[in-house]
Amino acid sequence: MASSCSFLLLAALLALVSWQATSSDPSPLQDFCVADMHSPVRVNGFVCKNPMDVNADDFFKAAALDKPRVTNKVGSNVTLINVMQIAGLNTLGISIARIDYAPLGQNPPHTHPRATEILTVLEGTLYVGFVTSNLPAPNRNKFLSKVLNKGDVFVFPVGLIHLQFNPNPHQPAIAIAALSSQNPGAITIANAVFGSDPAISDDVLAKAFQVEKNTIDWLQAQFWENNHN
């Protein structure tokens, strides 16, 4: 009986470890696996380029991340450097972004389905936060927020809805974010819900948000601009 219990415990631990190992980008099994963007083979990620053809440019991009970006109508601009810009990031589980915020600009509520994000403020002040998932009370949909100044760091856990806002009406702000995936993805909540193609039924959204259908129709008629480049 004790032996059987020990076996079940070991099996449970192995299952937990296996799940954790597959819950983010897979670990590389060689020094690098530069993405072969021209390969017809489709895998989860990209096929490796022949290592004999790899050179330093596969790990480089003149991204000019020191230069300011023009912000959009929500007052932000996200310049993401992922595997699509640097092929050498394939299988390495990391990417980086520069985020520019106009005065009173925001990076609106969004989520990265495949990455945790760690953000550092380079210039200005940011009000940031994330919302927990539908956990049992009292932590259900809890909003955890903080005001960040230059040099401060904040973490947004993988998959959770989060935001950043520049509360200064006169000065812009700049941040750099590192993300734990070669291709973290981004789902801006308002864009996804009200700007999907084709549109989600206004009957469905009216009931979900407990508002009149004409309110949903008005929201769906807006131009939902993407601030992720």
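Here the Cβ of each residue, glycine as well, is placed from N, Cα and C on the backbone.
Pulled from TrEMBL:
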type	residues	note
BINDING	ASN107, HIS112, GLU117	oxalate binding site
BINDING	HIS110, HIS112, GLU117, HIS162	Mn(2+) binding site
DISULFID	CYS33-CYS48	disulfide bond
DOMAIN	60-217	domain 'Cupin type-1'
SIGNAL	1-24	signal peptide
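A map of TrEMBL features onto the structure.
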| residue | record | Cβ contacts under 8 Å, 6 or more apart |
| --- | --- | --- |
| CYS33 | disulfide bond | PHE46, CYS48, LYS49, ASN90, THR91 |
| ASN107 | oxalate binding site | VAL74, SER76, VAL78, ILE99, TYR101, LEU163, GLN164, PHE165, ASN227 |
| HIS110 | Mn(2+) binding site | ILE161, HIS162, LEU163, ALA186, ILE187, THR188, ILE189 |
| HIS112 | oxalate binding site | PHE156, VAL158, GLY159, LEU179, SER181, PRO184, GLY185, ALA186, ILE187 |
| GLU117 | oxalate binding site | VAL155, PHE156, HIS162, ALA177, ALA178, LEU179, SER180, PRO184 |
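Excluding HIS110, HIS112, GLU117, HIS162, which define the Mn(2+) site, the same chain contributes THR111, ALA115, PHE130, PHE156, LEU160, ILE161, PRO184, ALA186 within 8 Å (Cβ to the Cβ centroid), listed in sequence order.
Cβ-based crowding with a 10 Å cutoff singles out HIS162 as the top-ranked of the recorded positions CYS48, HIS162. Looking just at the domain 'Cupin type-1' (60-217), the mean pLDDT is 96.
Those same-chain residues not listed among ASN107, HIS112, GLU117 yet with C-beta within 8 angstroms of the centroid of the oxalate site C-beta atoms are VAL78, ALA97, HIS110, THR111, ALA115, LEU119, PHE156, HIS162, ALA177, LEU179, PRO184, ALA186.
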